[in-house]
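A short write-up of the structure that comes next.
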Amino acid sequence: MGAALLPDLGTEIFIPVCAVIGIAFALFQWVLVSQVKLSPVSPSSGSRDSSNKNGYNDYLIEEEEGLNDHNVVLKCAEIQNAISEGATSFLFTEYKYVGIFMVAFAALIFVFLGSVEGFSTKPQPCSYDSQRTCKPALATAAFSTISFLLGAVTSVVSGFLGMKIATYANARTTLEARKGVGKAFIVAFRSGAVMGFLLAANGLVVLFITINVFKIYYGEDWGGLFESITGYGLGGSSMALFGRVGGGIYTKAADVGADLVGKVERNIPEDDPRNPAVIADNVGDNVGDIAGMGSDLFGSYAEASCAALVVASISSFGIDHDFTGMLYPLLISSMGIVVCLITTLFATDFFEIKEVTEIEPALKKQLIISTVLMTVGIAIITFISVPATFTIFNFGTQKVVHNWQLFLCVSVGLWAGLIIGFVTEYYTSNAYSPVQDVADSCRTGAATNVIFGLALGYKSVIIPIFAIAVSIYVSFSFAAMYGVAVAALGMLSTIATGLAIDAYGPISDNAGGIAEMAGMSHRIRERTDALDAAGNTTAAIGKGFAIGSAALVSLALFGAFVSRASISKVDVLTPKVFIGLIVGAMLPYWFSAMTMKSVGSAALKMVEEVRRQFNTIPGLMEGTAKPDYATCVKISTDASIKEMIPPGALVMLTPLVVGIFFGVETLSGVLAGSLVSGVQIAISASNTGGAWDNAKKYIEAGASEHARTLGPKGSDPHKAAVIGDTIGDPLKDTSGPSLNILIKLMAVESLVFAPFFATHGGLLFKL
């Protein structure tokens, strides 16, 4: 087999050092963002030193804009404060309910896993080597419960920190837009980077510390140690589910309500301060697109790592106690932080954006640079940390794998992610023909717009699915299920850059809203709109990555589940498996129906409230009276808390019900079915919604001759585009992104409870 070049001590140093570098870099970016002051600066105190290329010392006031009015800065600060308070209050309410669930589910894990051996405290024969004794099942139950709680708390903290950073940066981005689009871009992007690096580093360091602490108890029993670590992934994803669904319902209820009454009925601009739902809409961007997405990608990272570690623990790395080889998944993630740090500097320091047209290419370059550099990083890590040959557990046998094959497994996942990103961009950016065709279809009304948008979404599934299929085939051929798990980690290895690009979108969207509400000039709104349009596309790219990685992660978890539940093969032709397959394929539709209906019913209440205020508050349309923003915020909060419970319960209870009553074979069918259908619906829903949104923005911007023939705002084609955008809102921001959590979460939950299902499950078939 041969030994790796990197000693265990090197691994013990490299991983935490990379995590600390990530956290330090995030804090440094935050300090730079905080240089933009949210208080009026007098000319005497404002430094006129413009030697700093990124303009932090530029005096903020542009005379020709007529903005030497300090009221504008104060107004921006006031609006930012209202958005931040609304988002914080919603998340605290959500976490209160989710916290109760977390404690209850932790107790369930302990009881179910502890009962596998009748709560015995005696050592047991090891699952994969009956000659050796391993720690009792009760220990696995206790440590799985602890790792579940750790994963849940880390997921919640990741989402909350992201939201705090985004609400801190939104008004600062608006103020910087007065100096030019380049300055505003840098503030928004740096803020996204703060979130990206904090999340990547926190996820890594918590997992690393947990493994080392658990090792003190488990000693030589690495199989038991890494089985108990799977709870970390379950905790991360279960919190992400509620964050994504709750946040998605909140943001889209407000968005749909604001758009339908404000833009379609009252013909006022987006984010007009007269619109009662405008604050709730901007709060929603932060709780759904930022906090929800942060928890979601953290969950993917945690589960991919757990799936790889479980398979590795019963392969030669675990059997031979090769600690460096064992922690290969964490080494990949550590290298990812270093690579993303270098990549971020290209956007903020090496190149400067001067024109609106340079925004999208700059974000695309981030994806390309990070992928190219990461390929080199993966090669270095693989050849120094993994022996030349080793064996990987493959459904009962040990498969011999070479280190160059492992390098290809990770790389194929990484490059598949880039392909998915670019295809998503092609189908959702208004720079290309698909979205322009959707915009053109608005000439004949909303119906043709909807038909074209749906067709675009279905078509956009083709290439990503081929990319996922190729990466699964290559990685499985080379290194069995371990190969699939590290391919998912490859796709997620540049998570810090991916999150920076993704979080940039909602920050820019908020910046545009603040500019409109503060009554800033048309030129500034044009700049923030350009940032926002690029942000829409990057958000779609981020969702593409999340869905692609979810497909690989859930397949890897499925493999680990099959191994842990001692299933020799999953035969589709047996009735037990086939009924699971067909029911599993139905679940994403059921889940989507619940989330879409939730958005619809919440939006209905919002529309009624906004109409009521316009009809009953004298002077509201004239701008002489203030709307009641708080009532709209409360409607969104109450609706999302109430409506997130049924979809969450569907996902969390399905594996338990199927496993207990129908057994592990039927459950394996359910997991396979939900994976196959969930990925398709998720990609098409996200891209359809993204395309409708950007078709509307294409008409509003009027940047080309073609776009000007469809506009201006308020024209019939524009109204048709707004209706398409409104239909797409729950697709792209609630149902689509939540589906990738459904397929991952059911798989990781099945993996955690596998020993219980294998021992006590299948009650109906035992009658």
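Each Cβ is built from the backbone N, Cα and C atoms, and glycine gets one as well.
Features of the protein shown, as given by TrEMBL:
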TRANSMEM  13-33  transmembrane segment
TRANSMEM  97-116  transmembrane segment
TRANSMEM  136-163  transmembrane segment
TRANSMEM  184-211  transmembrane segment
TRANSMEM  326-347  transmembrane segment
TRANSMEM  367-392  transmembrane segment
TRANSMEM  404-428  transmembrane segment
TRANSMEM  449-474  transmembrane segment
TRANSMEM  480-501  transmembrane segment
TRANSMEM  545-567  transmembrane segment
TRANSMEM  573-591  transmembrane segment
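Nonlocal intrachain contacts for the transmembrane segment (326-347), taken as residues 6+ away from its ends with a CB within less than 8 angstroms of a stretch CB, comprise 6, 11, 14-15, 18-19, 21-22, 25, 29, 186, 189, 193, 196-197, 200-201, 203-204, 207-208, 211, 222, 301, 304-305, 308-309, 312-313, 317-318, 362-363, 365-366, 369-370, 373-374, 377-378, 380-382, 385-386, 406, 410, 485-486, 489-490, 492-497, 500.
Each of 97-116, 184-211, 367-392, 480-501, 573-591 was scored by its Cβ pairs under 8 Å to the transmembrane segment (404-428), and the highest score goes to 480-501. If you look at the transmembrane segment (367-392), the same-chain residues 6 or more away from its ends with a CB under 8 A from one of its CBs are 1-6, 11, 311-312, 315-317, 322, 324-325, 328, 331-332, 335-336, 338-340, 342-343, 346, 398-404, 406-407, 410-411, 414-415, 417-418, 421-422, 479-480, 482-483, 490, 493-494, 497-498, 501, 541.
The highest tally of CB pairs under 8 A with the transmembrane segment (480-501), across 184-211, 449-474, 573-591, is held by 184-211. The stretch in 13-33, 97-116, 449-474, 573-591 that contributes the largest number of Cβ pairs under 8 Å to the transmembrane segment (184-211) is 13-33.
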